[in-house]
Amino acid sequence: MRALYGACTSALLTNAVTRQSSLFSASKQQSCQRLRGGAISAKGGMAVATADDQRLKKGIAEFYDESSGVWENIWGEHMHHGFYDPDAVVQISDHRSAQIRMIEQALQFASVPEDSQKKPRSIVDVGCGIGGSSRYISRKYEAECYGITLSPVQAKRANDLAASQGLANKVSFEVADALNQPFPDGKFDLVWSMESGEHMPDKLKFVSELARVAAPGGTIIIVTWCHRDLSPSEESLRPEEKRLLDKICDAFYLPAWCSTCDYVNLLESLSLQDIKSADWSENVAPFWPAVIKSALTWEGLTSLLQSGWKTIRGALVMPLMIEGFNKGVIKFSIITCRKPE
């Protein structure tokens, strides 16, 4: 009976992917203009109007309120991609270690010092999920870490995990807006954003806040989903590329996508230093097939069906993430820089 139920549910989820355009057509976001491959903008800029901004934040919070428990039960405390060797054959047991490797690779790419005199003492995790990165980095550097998220469920779970791991005196989490952070200027030696930038409706405001809370000489690390860089002859993505990203935007509560080049230009406009970037799309290639495979297990299917429509809707577009990566439309990017002394 369980096998029959699982097979039927798998078929239902698979078939639903092909119908998602009609399912999402009633989305309130459809009244906004779509720009540059999934961008949602009120008047053609990279920011959305206040009403849409509030609706987006509410949707993000509710999405993660619903889905975080499902993710933790199946994948653990790290709510981000893993880092793999290109073309590696990986097993299910490799994925959690790959998520740790993602953290380490990002820190190494940004040249974050481990020397006892130079290592970061204070860290902010912007879009912290349930705090996996925060706790890991805090232990690594023996540093204080503050995490912020729009999800009250995530903030509570992150604090509970910190307490259970003996880190309550080092790591804390709260509900706050990444575009209006509750911290003074220049507070943090390391500003960390692991896969939260894609949710930000105003990319300039986002990077400006990261720079504001960074201490002089502090390091900023942004790991995020981008669309491909445009060629000099292009003004936007192709229509079919935009349609693909639009479907992903609706399900994952994503506003304007931008390219890695766009991020670099924004950081340059703020006079930040040592700016560098890399495309890690090949290094995350095994991730989404593994997530889909885990979703189609008995545990994954029952968890999805119990979680709520927002989580199910997110699961339905996971094959489109693979399509976007395979077609080169979606890029998994790291961008790092340093605030001037």
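Keep in mind that glycine also has a Cβ here, set from the backbone N, Cα and C atoms.
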Candidate ranges 103-112, 123-132, 253-262, 263-272 [criterion: TrEMBL lists as region 'SAM motif I']: 123-132
Feature region 'SAM motif III' in TrEMBL, mapped to one of the ranges 3-12, 213-222, 283-292, 313-322: 213-222
Region 'SAM motif II' according to TrEMBL, located in which of 186-194, 204-212, 330-338: 186-194
DSSP-derived helix, strand and coil totals, residue by residue, for the domain 'Methyltransferase type 11' (124-222): 37 helix, 32 strand, 30 coil
